[in-house]
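What follows is a set of notes on a single structure, which appears directly below.
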């Protein structure tokens, strides 16, 4: 049997001026997969990447991590780890996606033996998408609750409050001169969160989920509806939505920052946040925390960056975009710290307690501490609405990326069947993930959310990123990968990137993985300790994404012929159709790899298409010359 003729070569390519309108519709049109599409605006890709990377973690994790790990001194390991781990892996993911124009599954044409990495990525992203949208549902709940003249978590005395509830407004009105002992009391905002929003008292633990909270269920349905409507037409629709969701949070953040630093006691919080404690730099924990923050904040390994880059034009300057996004992400995290800790400083002064007693991370900051601080401000519903609207826009564009990753990965695997029905397929995925997330809307749903958060993207994600790095540099080959980047961007990656890809990045991530395993601690939520079966379930979630890699290897080897070693060798080589998706970008060795190609030299391809030579054609000729010289050296 003859190999199938690619759609780009099904008909001879003739100069566009010689093509008549009637001859543009070929007989094979219906047999070719629908076009993947591209970004429609110049800033679509850049803003999508910024929106994806700048998420909830920048607001509720970075400031807390900074102050617990040396304050201002934490910025030293943070930026070093950004240079070693963040920027190189970020650039590698973008390069793989843009060069191949393929999603996280199909991109493993680069080495079919390791397609399991792509399957592991999709499993991780699916689990994260389930609980991440539940957090967005909580944000929507608080957003609607802020549309009132009196915030519902402002005072005690509601049906959900207990005798331990202590209202700071009452303390202030009493003009007490003695500091109040608040250790055995609970703030109204904390009781509102745990007893009203979650209604966690209705569940005895993770094995007893209780009833569905229908108001949370409706918020989850609304968040999935918003996400679906925004990804309905793929990057053509989500690429436009990010012009708002990626930029508007900055406006709100600046407003909150200005309001925060003008409050009495604000500098107390900022000093607490940034005072450098350089003795912390001698602790390995601080360096590990910095690497973890970089790793999760940039979203490497989740497939979102690769997916977004796959919709770029072949010569998009992703080198420049890498530095804009990674440095912009770091600056946003630092800026968010000022906005958060200025308000916490004011809050600590109002309550008469040290800053470290009010500072929290994660959902505790977003849904308890900061809402409580908002009640102390004039026009508190307005500031509360702004804060939660910022969290909503921060969360949504990260969720767009997760969904686009899943949809793109599967549609690239079955382009003939699924691309024409991409909107319907996206709806099926959204409905399936919504149904899986229903357990998170129960009274014990927070226990399940903590379990998913702790295990779904833990060591499994690190294994995926380490393996990707090793496959690209060792199996595919550093020289070959650098040549691909040269062909795409017009220059080769410098010694800094090559050193990081070969040694520094994998070694650092291996250290992270080992540290996480050694310092493993069972999950907990407040004083609740998870039972053994829940821990096992969580560990299995992480292990399953790792097991996808050997499972993919077995499938790839079984598809080949010959002895076991021959099969492994054949499966580890790139497929014949690996390379740029458009014929005019397939130069040198990639031209020869296309079945039915009549153009052995890149210059002929470009002359035939454009009738002239550009700087990229010169690059193609240079790459060809290098390859010929290498072949001559090898033959000698």
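Any Cβ shown, glycine's included, is placed from N, Cα and C.
No curator has checked TrEMBL annotations; they are predicted automatically.
Feature annotations, courtesy of TrEMBL:
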BINDING   51, 54, 58, 297, 329, 394, 397, 398  Na(+) binding site
DISULFID  156-165  disulfide bond
TRANSMEM  45-63  transmembrane segment
TRANSMEM  75-96  transmembrane segment
TRANSMEM  117-144  transmembrane segment
TRANSMEM  241-258  transmembrane segment
TRANSMEM  290-311  transmembrane segment
TRANSMEM  323-347  transmembrane segment
TRANSMEM  382-402  transmembrane segment
TRANSMEM  423-449  transmembrane segment
TRANSMEM  455-476  transmembrane segment
TRANSMEM  496-518  transmembrane segment
TRANSMEM  538-558  transmembrane segment
Residue pair residue 165 (disulfide bond), residue 329 (Na(+) binding site) - Cα distance, angstrom, rounded:
38
Answer yes if the transmembrane segment (75-96) and the transmembrane segment (323-347) have at least three CB pairs under 8 Å among residue pairs 6 or more apart in sequence, and no otherwise.
yes
Compare 45-63, 117-144, 241-258, 290-311, 455-476 by their Cβ pairs under 8 Å to the transmembrane segment (382-402) and return the stretch that comes out on top.
241-258
Compare 45-63, 241-258, 290-311, 423-449, 538-558 by their Cβ pairs under 8 Å to the transmembrane segment (323-347) and return the stretch that comes out on top.
45-63
Which of 117-144, 241-258, 423-449, 455-476, 538-558 contacts the transmembrane segment (496-518) most, counting Cβ pairs under 8 Å:
455-476
Please determine whether the transmembrane segment (455-476) and the transmembrane segment (290-311) are in contact (criterion: at least three Cβ-Cβ distances under 8 Å, sequence separation 6 or more).
yes
Long-range Cβ neighbours of the transmembrane segment (241-258) (under 8 Å; 6 or more residues past either end):
41, 43-44, 47-48, 50-51, 54, 230, 332, 335-336, 338-339, 342-343, 383, 386-387, 389-390, 393-394, 396-397, 400
C-alpha of residue 398 (Na(+) binding site) to C-alpha of residue 156 (disulfide bond): distance in Å?
36
